[in-house]
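> Look at Swiss-Prot and you will find ARG50, THR51, ARG100, HIS128, GLN131, LEU260, PRO261 tagged as carbamoyl phosphate binding site. According to Swiss-Prot, the L-aspartate binding site annotation covers LYS79, ARG160, ARG221.
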Amino acid sequence: MYHIISIRDFERSDLDYLLDRAQEFDTGKYRPGMLDDKLVALLFFEPSTRTRMSFATAMARLGGRSISVDSVEASSIVKGETLADTIRVVSGYADAIVLRHPKEGAARLASEFATVPVINAGDGAGQHPSQTLLDLYTIRQSMPVDGIDVGLLGDLRYGRTAHSLALALSLYGVTLHTIAPVGLEMPANIALELRERGMEVVEHPNVEEAIRELDVLYVTRIQRERFPDSASYYNVASSYRITTDLLDGVKERLMILHPLPRAGEIDPAVDRTPYARYFEQARNGVPIRMALLHEVMK
């Protein structure tokens, strides 16, 4: 059985294969109704717009159907049911499970109890592999991924999208530039793992120092829901912002990406520049998730 839990589970060849498959789906090279007898369960115990809707859209475009739980309050977890029992039960209803959960490691746990494939749609501050695939796909549409300079800006401590993407980029000989507010730096264990994988990781005190070196700037929001209290959040909430003035002198091919939603860290005026690619990035979630759903249920 094929689970999609962590980027650590993939070789580069696996990622390239899925990206190639997504390209085929994106260009219409697939048979309608490929999953017309299949059903996916979307279990989202944290808020989601893009991930949940793009999985549902992907399944519909493949001819399949989806059922969903959109909050803890709408599930039997409020009655004391364990995640393991929930997964056991839902495995009897669907051909695959897409899970988002606030606890890191929840998707791995779910895969141990599921009798159908599990796709991790985000587990706390852990991993978000389908987001990473669409990030890579978006980059690859404009430039080869090998050997480029990528900057990660924002909440690198709690940001699962940053963790997943950094690990994936380590397979492509990328130089990684990290820019984070004090206290939100990349966790030491992940930074060490990246360097052990042979990745060059360069830390910068601010985005101004790094931005002219970059081919890709990946911006993330400060995640209020991960902070222990409001005071800690507000201490760093407005510590960086991408504006059009900041883009003077950057590389012509610079791409600005963001997993969305944003919360003020990118000025809306940037949307009108050729560097802004985050809405295209969001759109790419559909072909990527079509490829993933087909792969686990074919």
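Even glycines carry a Cβ here, placed using N, Cα and C.
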> Provide, as an integer number of angstrom, the distance between the C-alpha atoms of HIS128 (carbamoyl phosphate binding site) and ARG160 (L-aspartate binding site).
6
> Quick one: Cα separation, ARG221 (L-aspartate binding site) versus THR51 (carbamoyl phosphate binding site), in Å?
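Cα of ARG221 (L-aspartate binding site) to Cα of THR51 (carbamoyl phosphate binding site) measures 16 Å after rounding.
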> Among the binding-site residues ARG100, HIS128, ARG160, ARG221, which residue has its Cβ surrounded by the fewest other Cβ atoms within 10 Å?
ARG221
> Run through the Cβ atoms and count how many others sit within 10 Å of the one on THR51 (carbamoyl phosphate binding site).
25
> Using a 10 Å radius around each Cβ and counting other Cβ atoms from all shown chains, which of the binding-site residues ARG50, GLN131, LEU260 yields the largest count?
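Top count of Cβ atoms within 10 Å goes to GLN131.
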> Give me the largest Cα to Cα distance among ARG50, THR51, ARG100, HIS128, GLN131, LEU260, PRO261, the residues the record lists as binding carbamoyl phosphate, in Å as a whole number.
16
> How many Å separate the Cα atoms of ARG100 (carbamoyl phosphate binding site) and ARG160 (L-aspartate binding site)?
12
